[in-house]
Amino acid sequence: MATSSPSTTLPTDAAARLACCRECPRRCGANRTAGQRGVCGASDQVEVGRIALHFWEEPPISGTDGSGTVFFGHCSLGCVYCQNGRLAAGEAGKPYAIDQLADGFLRLQGQGALNINMVTASHYGPQVREALRRARKRGLHLPVVWNTSGYETVEAVRANEGAVDVYLADFKYARAQTAHAFSAAADYPSVALAAIDAMVEAVGAPAFDSYHGQRRMVRGVLVRHLLLPGHEDESFEALRLLYGRFGDGVLYSLMNQYTPVISRRAAEGRGNAAEMLARYPELGRAADEGAYQRLLDFADSLGMDDYFWQEGQAADESFIPEFE
């Protein structure tokens, strides 16, 4: 894979965005074109952990043929319980040149993917948009899904206009104190709501087509909320905020797949996992099935009667992809 800096192959305006980085709400100002790494851990060199079909997204994203998923290295949010913690921490992933990234998109299309699904790509926004532009010139025609933590600036969302068709956005926290404790981002609730506003403005109401006999989402916003163990009341608050603000103008996905990988990372002595687990022991277990059912019942009581939900055992490390 390529190791030379890609900034010299980016359009001037795109390279300038990385020279004093403001790509995420942390606005760290790192000169990533000079090799500095931002708070996210990334330089201007794109790092990717996996490019492959992925079958475990919501039905209109994965269908039966799979979503063409690109898992990017590093992360601007850095949740302490992240199920993809190795990749987010830069412990996995390989460098990709922009043309190699475009090759990957086209390869996924050739494999029958329903879409191209960018997982945690926000800190590589200029490079990804350039790779998409090159891939489109070579025949890429699939819708693009931006799979994000929700911790995005409005400016970054607007920069994606014309490149992104579907936003698959998390809304992780309703409370600043939880966001600060688990992601060092007390501003997360307000930032994420403003970002989702911008996403709705950019791509509009959910729209679907039929692709190889599968119902496929081609426009719109799908907001995910993950039930965290011990935080049932905050999940109620999150749903109340979301439905009060967006109503039926977005789709919703209520998830019960929290996987306590922080316990393994703590046992392995990785990062500050042991310290965080000691401080927040609830993160060492899966969410309670009863709590999840109460969350679904609460969603119904709000009038949110058309949403995606999970059944069976979703909290399992076997669902976590292997990264390069």
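A Cβ is built for glycine as well, from the same backbone N, Cα and C atoms used for every other residue.
As written in TrEMBL, here are the features:
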BINDING   C75, C79, C82  [4Fe-4S] cluster binding site
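Under the three-state DSSP scheme, C75 ([4Fe-4S] cluster binding site) falls in the coil class. C82 ([4Fe-4S] cluster binding site) counts 21 other C-beta atoms within 10 Å of its own C-beta, drawing on all protein chains shown.
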